[in-house]
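What TrEMBL lists as domain 'Endonuclease/exonuclease/phosphatase' is 28-180. Among the features that TrEMBL reports, Mg(2+) binding site is placed at Asn31, Glu60, Asp162, Asn164. Per TrEMBL, the feature site 'Transition state stabilizer' maps to Asn164.
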Amino acid sequence: MGRETKETEENRKTRHKMVVVGPHVSIITLNVNGLNSPIKRHRVAGWIKEQDPTICCLQETHLSPKDKHRLRVKGWRTILQANNEQKKAGVAILISDKVDFKAKQIKKDKEGQYIMIKGTLHQEDITLMNIYAPNTGAPKFVKQLLIELKEDINNNTIIVGDLNTPLTPMDRTSRQKINKEIIELNEKLDQMDLIDIYRTLHP
């Protein structure tokens with residue numbers, strides 16, 4: 001009973017923290033599994049317009065650095081990408097023209113597995129990280145990335161993406177096991193005071 005009360009109290013605090021950030025910021029994320037087909041790009045652009053988010057994060061764009069102009073959505077002129085020469089992986093962050101966003105720093109890798117933006121949104125500091133973890137060794141990859149970028153991660157950091165990792169038994173299929181690497185990743189998330197917002201709001 002005491003534990004349940006504690007968890008409920010923690011949930012309430014987390015919800016309160018999230019309200020303070022402001023209900024005016026909406027973030028959507030989607031693994032698009034390739035955007036080289038014009039039809040698919042058109043459908044994704046339509047979906048973004050329909051959802052009308054402040055920020056849209058895409059994974060597995062499969063665009064090469066020279067193809068990055070292909071990702072265009074009217075109303076989301078600010079598009080930041082990390083692309084792979086081999087048209088694999090690839091992540092993108094699109095920011096709505098309706099908001100006052102200023103990028104101060106961008107970090108990304110050449111493999112197109114992650115992009116991190118530090119900046120201000122409506123004059124408030126924000127760090128946004130979009131990750132596409134590889135299918136094999138995903139928990140290890142995410143943990144290593146968090147260690148490398150730990151100086152950039154603070155209480156204004158939002159991490160989204162396709163982590164290819166079930167963090168809790170509820171998130172996995174019956175075939176997936178919570179292994180040692182996932183346990184270590186969860187320990188690292190706790191250590192860094194990172195909260196799984198979805199699981200907190202939908203326990």
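Glycine is treated like the rest: Cβ placed from N, Cα and C.
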* Asked: In the structure shown, which of the binding-site residues Glu60, Asp162 has the fewest other Cβ atoms within 10 Å?
  -> Glu60
* Asked: Counting other CB atoms within 10 A of each CB, which of the binding-site residues Asn31, Asn164 comes out lowest?
  -> Asn31
* In the same chain, outside Asn31, Glu60, Asp162, Asn164, whose C-beta lies within 8 angstroms of the Cβ mean position for the Mg(2+) site? -> Asn33, Gln59, Tyr132, Ala133, Gly161
* Asked: Averaged over the domain 'Endonuclease/exonuclease/phosphatase' (28-180), what pLDDT does the prediction give?
  -> 93
